[in-house]
Ligand SMILES: *Cc1c(COP(=O)(O)O)cnc(C)c1O
């Protein structure tokens, strides 16, 4: 694994800053402060200096639910979901990307807050349906949906299936027709734009597994074929350009190219497709160095871009949908760990080992992601020390927070919290080293409850049938 891997994969390594991360440049002025940018809304410290969320202290949570644990601020989740919903209003649709983190409680909150849901596997579909999400509010994604998954989705009546290949166009049409149905579909295209953080790359081609390339007329050919099939109702074009994006200019190029395709479709087939989905990937603050945009700013920018492009092409503005995952759930949770060992390495840094690691947060090892960390069970006035927070796995790449500062008197038994772990941590968690996956504890208005329980050794042994 390349040490400079980028969140989007090794080919983007060149857009990362050189050397040590910004987080290690200098300690924050007050190590006890909790930057509201990276912590959920209700997080603070009580009179004793203990971190609290939703009115409950982390020491209480640790005592009741153990560590490590993902602690999710339900009010914050609902606030963010509602902010997205309100920002886009009634003329657009917000689909929460379930892969960021999905559980039945989350599905209910989304339903109650008026959001739709993206799923990309039979398991995610089953979770969504079992928690009562209306099928017509579910979109089914993926580059290799099995025939069984497609059939389940069509039978359930999902609102849209996002088609990802020529073979899938025929497959879904065939399955829908054999069930006597006409399935609403979008066609996912790749527009030659990849956006990450503050950079984007616009090219003619995209070398990736998702979608059908706009280049070479392939996307137009896909639409041509789909329009001819009785089992399909083609409702729009889908484009998803990247992850952890702060800069809107990548969306601008993508929208321009998608609208160009809509225009070609109109000119060739006399059909104006009514929807355009611009995907997700909107960035959040993992550390104080990140400056994400508010949902209303993003909604305004995207709506303006699409409207402008459509006016230029003399098309009626299609209904827009977006698919934020991380931007809703990412900041709502932190991971609570107990410190096990503190190992100073002279002239280098201090290694702080916690009771979880790459099994509950693979993003640091996988993407070189940056996180911050705070001493949560108390405050301290001790001098800052440069630390690396590592897990308990048999793997030297088992790093949770690569560079950060914690108080110099940190000791075994202290609780530390890593914020902004709501997205792609529990959902990517593994059993490496037969370490048990932590629970997700939701906190709201002074009450805590487990929404995903801690894995047990029994769970492990149940799968191992000898
Ligand atoms: C992953 C994904 C998203 C969500 O990405 P975030 O970075 O969590 O916002 C949305 N749409 C599609 C198609 C995706 O693959």
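Along the chain as shown, the residues are counted starting at 1.
Even glycines carry a Cβ here, placed using N, Cα and C.
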**OP:** From the candidates 281, 357, 391, give the one listed by TrEMBL for the same pyridoxal 5'-phosphate site as 323, 324, 325, 326, 424.
**Re:** 281
**OP:** Could you tell me which of the binding-site residues 326, 363, 367, 395, 424 have their C-beta within a distance under 6 angstroms of some atom of ligand 1?
**Re:** 326
**OP:** Measure from the Cα of residue 395 (substrate binding site) to the Cα of every one of the recorded positions 99, 323, 325, then give the nearest.
**Re:** 99
Original post:
Given the recorded positions 99, 326, which one's Cβ is surrounded by the fewest other Cβ atoms within 10 Å?
Top reply: 99
**OP:** Filter the binding-site residues 281, 323, 363, 367 down to those whose C-alpha lies within 10 angstroms of the C-alpha of residue 99 (N6-(pyridoxal phosphate)lysine); answer none if the list is empty.
**Re:** none
Subject >> Per-region confidence, the domain 'Orn/DAP/Arg decarboxylase 2 C-terminal' (334-422) (mean pLDDT, whole number) >> reply: 98
Original post:
What counts of helix, strand and coil residues does DSSP assign across the domain 'Orn/DAP/Arg decarboxylase 2 C-terminal' (334-422)?
Top reply: 5 helix, 41 strand, 43 coil
**OP:** Find the longest CA to CA distance in the recorded substrate-binding set 326, 363, 367, 395, 424; express it in Å as a whole number.
**Re:** 27
**OP:** Fewest other Cβ atoms within 10 Å: which of the binding-site residues 323, 395 wins that one? Let me know.
**Re:** 395
